[in-house]
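Here's the structure we're looking at; comments come further down.
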């Protein structure tokens, strides 16, 4: 649940400002917890049947063909964009670790090379067969995300507020402020991206009519969301309080002291995104291999897995090297891909299946979530795309 997007949240605050920033953060937490509960409930809503994939749930609600076309492109967009962003994050964190340890004494190494070093781990790990075989990697990732989040806000508290800290919006022009605000919304949407693998995870929990899987799953989800709050809110608010609108799009880049602690935090990010990359790549591997075997009639084999997964990892590495703009990528994909799957698709499914009475509390709640989600979907990518274009105009590619 705790993604590397947490590192970009203080930057999102610098684009939103104190009032709207706090409101958007809390609203997002509440809405996505509600839609997560809906997904856990809908997993076994048909007696004797389990919807183990997001698209299976979509097909049940919207019909065989339409369900696939509504859910699969959204899911793929989320998972592929996350994998690309994790490539960039892993590379940037390795570079920062190298720079902090070297302290200006070593030769400068290009970000492209660090992204390649990070990708090399995935060429090996991607050959693990399924979710259960990466549980160890997931556990390490969860511990690391707690570690670097705590370091991020702890080091900000220790450093204290900067002497001439400025809480005005980051941009100076009206156009810049509007686009910045939209980009900030996308950044926040990106941070809540766990819904895409919820059903796959719930599918691994045993279930009987007496002990349905939704009970332990909901307990796990609640604990996860409490930890999300413990990580997200302090990093966001303390990071913005300390640095104001001068904070970088990755707060660990802004922090530089104490050196050993910042180096450790960046290494923790690397370990975390290694695990997270695999969690989000697994459903993509599943889709690619199913397509190759069932539609294109390739015989299932170790060689097929090796080639398919290696090509996918190489693709995400190449895109990450080409557009390594962490903040812009966050807000662009946050709005475009995460808003539907985390904010409003579960609500649409809930309305279609349970048909709550018009103007009842459930009806209102779902429609409010849908409206907010659609606004995020439309507005978030605009700010992110502008940010990418602005950075690309001054960036030397493959340097």
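Yeah, the Cβs are placed from backbone N, Cα and C, and that goes for glycine too.
Sequence annotations record features per position, and here TrEMBL assigns domain 'Amino acid transporter transmembrane' to 1-383.
Per TrEMBL, the feature transmembrane segment maps to 16-37 (among others). Tertiary proximity for the transmembrane segment (16-37) is limited to same-chain residues at least six positions away from its ends with a CB under 8 Å from its CB atoms, namely 9, 167, 169, 181, 184-185, 188-189, 191-192, 194-195, 198, 218, 221, 225, 228-229, 232-233, 236-237, 240, 342-344, 346-347, 365, 369, 372-373.
Below 8 angstroms of C-beta separation, residues 87-88, 90-92, 94-95, 98, 134, 137, 270, 273-274, 277-278, 281, 285, 305-306, 309-310, 312-314, 316-317, 320-321, 324, 398-399 of the same chain, each at least six residues beyond the ends of the transmembrane segment (111-128), sit close to that stretch. Residues annotated as transmembrane segment in TrEMBL: 111-128 (among others).
Listed by sequence, the residues of this chain that lie at least six past the ends of the transmembrane segment (134-155) yet keep a Cβ under 8 A from its Cβ atoms are 2-4, 6-7, 125, 128, 227, 230-232, 234-235, 238-239, 251-252, 255, 257-258, 261-262, 264-266, 268-269, 271-276, 278-279, 282. Annotation source TrEMBL lists transmembrane segment at 134-155 (among others).
Per TrEMBL, the feature transmembrane segment maps to 222-243 (among others).
Residues or ranges marked as transmembrane segment in TrEMBL: 263-285 (among others). Within the same chain, residues 3-4, 7, 53, 75-76, 78-80, 82-83, 86-87, 89-90, 93-94, 96-97, 100-101, 118, 121-122, 125-126, 128, 130-131, 134, 137-138, 140-142, 144-145, 147-148, 151-152, 155, 196-197, 200, 252, 255, 305, 308-309, 312-313 sit at least 6 positions outside the transmembrane segment (263-285) and bring their C-beta atoms closer than 8 Å to a C-beta of that stretch.
Residues or ranges marked as transmembrane segment by TrEMBL: 306-330 (among others). Within the same chain, residues 5, 8, 11, 80-81, 83-85, 87-89, 91-92, 111-112, 115-116, 119, 122-123, 126-127, 183, 186-187, 190, 249-250, 281, 284-285, 288-289, 292, 384-385, 387-388, 391-392, 395, 397-398 sit at least 6 positions outside the transmembrane segment (306-330) and bring their C-beta atoms closer than 8 Å to a C-beta of that stretch.
Annotated transmembrane segment per TrEMBL: 336-354 (among others), in sequence order. Counting residues 6+ beyond its ends, the transmembrane segment (336-354) has Cβ neighbours under 8 Å at 28, 31-32, 35-36, 38-39, 42, 45, 54, 57-58, 61-62, 70-71, 74-75, 77-78, 81, 186, 189-190, 192-196, 362-363, 366-367, 369-370, 372-374, 376-377, 380-381, 384 in the same chain.
Residues 15, 27, 31, 34-35, 179-186, 189, 323, 325, 327-336, 339-340, 342-344, 347-348, 350-351, 356 of the same chain lie 6+ residues outside the transmembrane segment (366-389) yet bring a C-beta within less than 8 angstroms of a C-beta in it. Taken from TrEMBL, the feature transmembrane segment covers 366-389 (among others).
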